[in-house]
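Beneath this line is the structure, given in structure tokens, with notes to follow.
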Amino acid sequence: MLFKEFAEFCSVIEKISSTLELAARIAAFIKGIEDDNDLYNVVLFLMGKVYPPWDERELGVGVGLIYEALRVATGTNRSKIEELIKETGDLGIAAEKLLQTKTQLTLFEEELTVAKVREVFDTMSSLTGEGSQKRKIRLLADLYFSATPIEARYLTRLILSEMRLGVGEGIVRDAIARAWGIEEALVERAYMITNDFGKVAVVAKNEGKEGLEKMKIELHVPVRMMLAQVAESIDQAIREMSRVAVEWKFDGTRVQVHWGNGKVTIYSRRLENVTRALPEIVEEIKSNVKEGVILDGEVVAMKEGRPMPFQHILRRFRRKYEVSKMMEKIPIHAQFFDILYCDGKEVIDLPLEERRKLLESVVRSSDRIWVAKQVVTSDAAVIEQVYNEALNAGHEGAMLKNPKSPYIPGKRGKHWLKLKPVMETLDLVVIGGEWGEGKRSHVISSYEIACLDPTTGKLLPVGKVATGFTDEELEEFTELFRPLIEYEEGKKIVLQPKYVFEVAYQEIQKSPKYESGYALRFPRFVRLREDKDVGEADTIDRVARLYESQFKGKKT
Ligand code: ATP
């Protein structure tokens with residue numbers, strides 16, 4: 001398939017705002033793709049992805065490299081490129097305009113295909129070490145050289161993972177369902193266990209409904225994790241579940257462990273492969289857990305008998321390659337609370353109480369890994385006791401689970417309730433910022449934050465957060481965000497969305513000032529949620545619900 005066809009399709013759907021129409025158009029488009037590889041690539045590309053989240057490969061192309069490649073490909077100097085970006089506010093459009101000046105030159109170039117773009121991306125992501133930046137610039141410049149202006153627009157956006165098409169997971173799911181006449185729920189399930197819409201689309205096309213039904217959890221392919229809702233009260237949990245399985249809500253970080261075919265792979269909550277950051281857990285699993293399982297649990301860092309702040313574990317994730325030094329500094333252990341796969345079979349449809357038995361039979365406790373303690377009860381006083389024990393031990397609270405419930409990948413539902421003392425914070429995507437004044441002029445001192453519309457994938461601003469940061473954090477974040485700066489306008493910065501901040505606030509107000517329609521009053525930075533992806537940020541629905549709940553509280 002020609003990349004031009006893909007780019008032209010993108011330019012058509014970019015103007016469509018109705019989600020129904022978008023899904024219908026995408027359905028018709030993908031249905032017409034004959035080649036499996038083209039279909040795979042197009043589905044991922046439409047979502048602004050080159051690889052599924054769990055694939056360790058990444059392009060490693062930042063904004064700076066794009067500037068360079070455009071300079072090489074078009075012979076335009078850097079200040080002109082920067083000017084154009086400021087003028088358009090969009091790197092994709094800027095690239096398109098730059099290419100318009102050289103169209104005649106490209107008439108004799110070979111036309112770009114989707115397969116060629118994929119091939120170049122794969123080559124780029126395999127390059128490491130010395131000289132790799134230069135080669136990437138060359139490869140990218142060559143792509144721009146063969147690209148037409150419209151292709152350059154979407155090529156750039158694809159590299160930045162920002163297609164601006166309003167195509168989120170929900171729309172892709174509906175489009176696949178519609179294209180091959182399959183129930184949405186079935187497409188959704190296949191996605192939750194493979195985390196790869198490209199693969200789901202190919203199976204749907206070739207094998208239809210039966211093919212999707214046959215898709216099973218596989219070792220070393222991560223499964224979306226089951227999540228929890230906030231418990232209204234202990235009584236509500238007892239009313240709904242009658243018997244409640246109570247566990248501590250550990251203050252650590254979620255891990256999914258795959259142990260089979262001689263190797264251990266550990267995935268984070270955002271389904272990144274973090275095996276290398278946890279060598280001591282890997283060893284412990286190999287010697288104490290029966291091979292051929294997928295376990296769900298939490299890694300906790302301890303110091304003097306208490307959990308260390310969450311940030312310390314995540315720091316290890318970030319520096320996955322400097323692990324041995326960190327190992328001595330941060331002693332960690334893992335507690336497992338669920339099992340998804342055992343002896344070559346998925347076990348997610350078994351009720352929790354049976355999965356628990358299975359879990360206990362495959363894990364031999366050691367001083368680094370064990371099965372999380374669980375109490376099953378209908379007595380509110382017992383639940384309260386476990387909850388207080390957890391808080392006294394420095395953990396977050398308690399999880400209340402339905403012993404009869406299956407494990408539903410990716411689901412945030414009533415089977416798992418979390419009981420926590422603090423006011424609800426919001427996890428919001430950082431989309432922009434502003435340089436500080438005076439002494440702070442070298443750091444980004446305020447950040448624009450946005451919630452997510454999960455259907456369209458759009459990020460809707462809800463305010464700016466400028467308090468709650470230590471000076472150290474401001475310095476650290478400035479370095480973290482610097483490579484993500486798309487362009488600047490005076491003190492204002494537009495950032496490529498990549499990180500999520502947890503933000504506290506005093507109140508949510510309605511506001512026409514922001515696209516979301518809401519504004520946070522007195523927002524305060526709590527922490528960087530390195531374990532959360534942009535796609536896992538809080539949604540506009542949650543903001544709306546929290547807004548409404550403020551009034552409920554007042555009335556009573
Ligand atoms: P939070 O900020 O409260 O952790 P979240 O959005 O990250 O919220 P939730 O679905 O609300 O995630 O809560 C589930 C999280 O709690 C899990 O992802 C896991 O990291 C953590 N957790 C700690 N102990 C447990 C447990 N016993 N069972 C399940 N999850 C647990």
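Glycine is treated like the rest: Cβ placed from N, Cα and C.
Nobody curates TrEMBL annotations by hand; they come from automatic prediction.
Classification of Lys418 (ATP binding site) by DSSP places it within a strand. Around Lys418 (ATP binding site), the C-beta neighbours below 8 angstroms that are at least 6 residues distant in the chain are Ala228, Gln229, Val230, Ala231, Lys249, Glu396, Gly397, Ala398, Met399, Leu400. Among the features that TrEMBL reports, ATP binding site is placed at Glu247, Arg254, Arg269, Glu298, Phe337, Arg412, Lys418.
The feature active site, N6-AMP-lysine intermediate is assigned by TrEMBL to Lys249.
Sorting each residue of the domain 'ATP-dependent DNA ligase family profile' (337-453) by its DSSP state yields 27 helix, 48 strand, 42 coil. Look at TrEMBL and you will find 337-453 tagged as domain 'ATP-dependent DNA ligase family profile'.
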Comparing the binding-site residues Glu247, Glu298, which residue's C-beta has the most other C-beta atoms within 10 angstroms in this structure?
Glu298
Residues Glu247, Arg254, Arg269, Glu298, Phe337, Arg412, Lys418 binding ATP per the record - widest CA separation, whole Å
19
Assigned conformation of Glu247 (ATP binding site) - DSSP reduced to three states
strand
Sequence-distant neighbours of Phe337 (ATP binding site) in its chain (C-beta under 8 A, six or more apart):
Glu247, Asp296, Gly297, Glu298, Leu359, Val371, Ala372, Gln374, Met399
May I ask which residues of the same chain, at least 6 positions away in sequence, place their Cβ under 8 angstroms from the Cβ of Arg254 (ATP binding site)?
Met225, Ser268, Arg269, Asp296, Gly297, Glu298, Val299, Asp531
Which chain-mates of Arg412 (ATP binding site) that are at least 6 residues away have a CB under 8 A from its CB, listed by sequence?
Met226, Leu227, Ala228, Gln229
